[in-house]
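In what follows, a single structure is set out as structure tokens and then discussed.
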Amino acid sequence: MRKINIFDTTLRDGEQSAGVNLNLHEKLEIARQLERLGVDIIEAGFPAASKGDFQAVKQIAETIKGCSVTGLSRSVQSDIDAAWEALKGGAEPRLHLFIATSPIHMAHKLRMTPEQVVEAAVSAVKYAKRYFPIVQWSAEDACRSELPFLAEIVAKVIEAGASVINIPDTVGYITPKEYGEIFTFLRNNVQNIEKVSLSAHCHDDLGMAVANSLAAIEHGATQIEGTINGIGERAGNAALEEIAVALYIRKDYYNATTRLNLQEIKRTSNLVSKLTGMVIPANKAVVGKNAFAHESGIHQDGVLKEKTTYEIISPELVGVQSNSMVLGKHSGRHALRNRVEELGYTLAEEEINKLFVRFKELADKKKDITDDDLVALIFEEKFDHFKDFYQLSSIQVQYGTKQIPTAVVVLTDGAGNEIQEAATGSGSVEALYNTLERCFQTDVTLLDYRIESVSGGRDALAQVFVKVRVHEIETSGRGTAQDVLEASAKAYINAVNRVFMIEKMREENQKVTIK
Ligand SMILES: [Zn+2]
């Protein structure tokens with residue numbers, strides 16, 4: 001069977017999803033999970049884009065040793081230099097260079113002639129080869145490029161030293177048949193093409209990203225780029241979990257395999273969904289909540305008699321487990337640590353200690369502590385703390401059907417000062433958010449508010465997700481507590497803290513505009 005390399009760009013293209021702003025801890029956790037999942041390459045970011053991007057790529061490259069880490073770079077020396085500084089500590093440094101090759105992009109965006117584009121691409125690859133053992137070259141908007149020109153530039157960058165050639169469908173325009181034909185054309189018309197790896201990168205604007213990626217495999221691609229849950233610019237990228245499972249289930253047809261540990265799929269999907277705040281639709285293939293639910297009586301009957309009557313993918317294959325009670329009031333620190341490790345999280349001693357305190361508090365109020373509860377607590381301890389920003393000390397909310405809802409909030413700011421405010425609203429949550437807005441002394445627009453229970457039962461933990469806009473920055477936040485109002489307050493503070501953190505980072509370095 002042919003081996004297909006999986007190139008994950010959740011942390012680069014995926015992080016470009018509207019409203020997604022991951023912090024360093026979150027990026028590192030996703031990178032570690034991608035390593036566990038068994039992806040071959042992690043695209044960790046765009047090092048020249050900002051200091052924050054640079055630092056995240058550098059830390060990921062230095063942490064992850066089980067696969068290659070790469071970063072995106074325009075075809076200019078300053079980008080390549082920044083990428084090398086960020087990536088040189090990695091196990092297998094590789095650079096992802098790109099330049100646009102379609103007439104529309106060359107004329108309107110780059111304002112360069114085709115000859116100038118070829119020259120820029122070739123000299124960038126040559127310059128990158130001085131540092132990087134592996135250089136991947138991408139023809140941005142390849143699918144709207146003229147094929148003879150695409151073949152010409154690909155031949156020249158191969159000659160200059162590129163060893164992976166990526167053919168992105170940047171705008172999600174191509175159909176499976178046409179996409180396959182581009183790969184065939186290049187294989188038939190480019191010298192030395194057999195010496196390089198061909199890569200597919202598809203967007204889902206017409207809902208064909210996964211189908212296009214699979215067509216590319218049929219026509220000689222040996223690398224697939226995509227993201228977990230298919231998140232990404234606009235309608236998103238190709239969903240890697242769908243491609244991996246399709247190759248596995250239909251190996252009779254594709255005769256190709258990946259290195260992925262499919263049992264890590266569900267966990268990876270959950271982690272990415274929670275950290276990015278991007279919800280997985282219930283009917284999403286492979287990882288949706290309903291992907292394995294059989295509703296019709298005839299189907300249920302069939303599955304009970306013989307699973308394969310209606311089930312082509314078993315839930316166990318992708319790591320879906322029914323939620324079992326694992327810990328309770330009498331569980332000790334040791335049991336907690338073991339379970340945290342089994343769930344795949346790495347926590348420092350100090351974090352475990354704090355988690356244990358929260359766990360005990362929860363166990364006093366809630367009989368069964370499920371894995372989902374534990375994960376919610378881990379998230380709070382590990383990712384939702386912004387030590388240098390606002391912290392919730394206490395809330396008090398008064399509500400009655402014949403009263404005006406009123407909230408009192410006490411916060412501490414990064415310097416440890418206590419802030420106390422009170423306000424009213426037409427409902428409890430509004431009163432709470434009006435009060436918090438006073439504490440922050442800035443306008444906050446609430447764009448979205450969602451609440452869900454972490455597990456079943458009346459004593460379940462509440463998890464609130466919000467999306468806010470502050471000073472033109474859109475970001476999401478989340479909060480967990482046993483009470484819905486406390487969870488609501490935490491989510492709001494979490495989102496606003498993220499905005500302040502982004503602003504602080506922007507102050508520290510002037511963000512380069514990405515063209
Ligand atoms: Zn893309």
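Quick reminder: no glycine exception, Cβ is built from N, Cα and C everywhere.
No curator has checked TrEMBL annotations; they are predicted automatically.
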Of the residues D8, D13, D443, D448, only one is listed by TrEMBL in the Mn(2+) site with H201, H203, N237. Which is it?
D13
Additional residues around Mn(2+), ordered along the sequence, whose Cβ is within 8 Å of the centroid of D13, H201, H203, N237:
T9, P168, D169, T170, C202, A209, E225, G226, T227, G232, E233, G236, A238
Mind giving me a neighbour count for H201 (Mn(2+) binding site)? Other Cβ atoms within 10 Å of its Cβ, every protein chain shown.
28
Around the C-beta of N237 (Mn(2+) binding site), how many further C-beta atoms are within 10 angstroms, looking at every protein chain?
32
